[in-house]
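Undergrad: One structure follows; several queries about it will come next.
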């Protein structure tokens, strides 16, 4: 074998090994294990790691609920996780997945709240948006599948243009950046990612008419495939304003035709409450409700 052949062969092997290492690192980067990105915030005894930390079990009983939070805060990006909700009679329970700035007077928050049901009734998911301390923007959708039968992916996309709440890549809520009209939009405060399982039978199911049945306890919810992509804070100051971040790309600045069609389908067939059309609470339609998607 001549010297050129040896060099060529060695280079091919080196490139192959680099490719394998790169592939492995990308493959293993997501989804993260629970403790890579999260910590238990309350009732450690009620959160159990599964499958080497790739998944977790949350437990609610008469002693306590539980919760966890991301170790870092983020400014723009996307967070998603797969959740399997409480099966059977889950009335009075709330499983929440949300982002929060952890500030009091000028809180920013993006909420998924899964509201328990009596057996056989549809599971509802309530979304809410707090911007610069102003909330009261609840919308509720009845899920079109049984979220306790299997895992489904719930995600929040947050960029300079809008916030999009999605279920299995189907958008169910869009909150647009209408700062040009003088409306607040969360874009300054980084937010952490949180989740809780707790008792809320004073309001969660049929406005509090359906109480939690502790004979059915303990209640379990399951999570896996934790995926956070965003600008960590503190971090490089230029990250959050970088237009080349994938979540700021033109394909994510508004819903494409397929996503818009799915969004309208959800709103037409599965929406059960919208603060925008609640004339008792809002005799004048809030201005952010006038702008579509």
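Cβ coordinates are placed from backbone N, Cα and C, and glycine is handled just like the others.
Annotated active site, nucleophile per TrEMBL: 109, in sequence order. Taken from TrEMBL, the feature active site, proton donor applies to 113. Annotation source TrEMBL lists domain 'GH16' at 6-223. For 117, the entry in TrEMBL reads N-linked glycosylation site.
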Undergrad: Would you kindly give the Cα-Cα distance separating the residue listed as 'N-linked glycosylation site' and residue 109 (active site, nucleophile), rounded to the nearest Å?
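TA: On Cα coordinates alone, these residues lie 25 Å apart.
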Undergrad: Are there residues of the same chain, six or more positions away from residue 117 (N-linked glycosylation site), whose CB falls under 8 angstroms from its CB, and which are they?
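TA: Listed in sequence order, they are 89, 90, 91, 123, 124, 205, 210.
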Undergrad: Relative to the Cβ of residue 113 (active site, proton donor), which residues of the same chain, six or more apart in sequence, are found under 8 Å away?
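TA: Spatial neighbours, sequence-distant, of residue 113 (active site, proton donor): 94, 95, 96, 98, 125, 126, 127, 128.
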Undergrad: Once the chains shown are all counted, how many other Cβ atoms turn up within 10 Å of the Cβ of residue 109 (active site, nucleophile)?
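TA: Its Cβ has 20 other Cβ atoms within 10 Å.
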